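For reference, Swiss-Prot has these:
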type	residues	note
BINDING	11, 12, 13, 14, 15, 16, 17, 18, 19	ATP binding site
């Protein structure tokens, strides 16, 4: 059976995981899997009442939502039910809904299964929160990116502004702190670095500097699709 290469990039919101995954994917000619987008899209598809649904009903609702991954690098495209995922998932509302639903074992196991199926069929760069610890514990290369919440909020504000989405900075900072608390204190797959992950603080580093560090650890001969 062919061994696919898995590179995981974990960390809280606003540390640059998506940008790093896209650029790294372009350099290494690998698709990148945005698992945060999967959580957000699933949360929006299920609606704001999903958190209170019984496990049996929630499980049936999840089965109606499927994901597919196409392309490589910056051209990687995550599809939901055969359609591309839009900017609607980048709202803070979607982020909070996703964090709340992340407390449900049914949700985490459903998406974990899809993510592992994708990783079994191709080499990927996967970014999220618990990939190195829960989803791909045997990944060949693991990174955990962190940064000061104030800096992360400013980055998020700038990112949303570029996308034409205007939100109050203080609301974004509050949302980040709230989500950090949920992510770090949940009983199921809490946000924490894998024991064998490379830890990088991106507070005072630009993307290119972080990429250089990551590429120093990634040995190209291991890469195979």
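Every residue, even glycine, has its Cβ placed from backbone N, Cα and C.
Sequence features annotated in Swiss-Prot and their locations in the structure.
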residue: 11; record: ATP binding site; Cβ neighbours (10 Å): 25
residue: 13; record: ATP binding site; Cβ neighbours (10 Å): 25
residue: 15; record: ATP binding site; Cβ neighbours (10 Å): 25
residue: 17; record: ATP binding site; Cβ neighbours (10 Å): 26
residue: 19; record: ATP binding site; Cβ neighbours (10 Å): 16
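The Cβ centroid of 11, 12, 13, 14, 15, 16, 17, 18, 19 marks the ATP site; residues of that chain outside this set whose Cβ lies within 8 Å of it are 20, 127, 145, 147, 152, 155, 202, given in sequence order.
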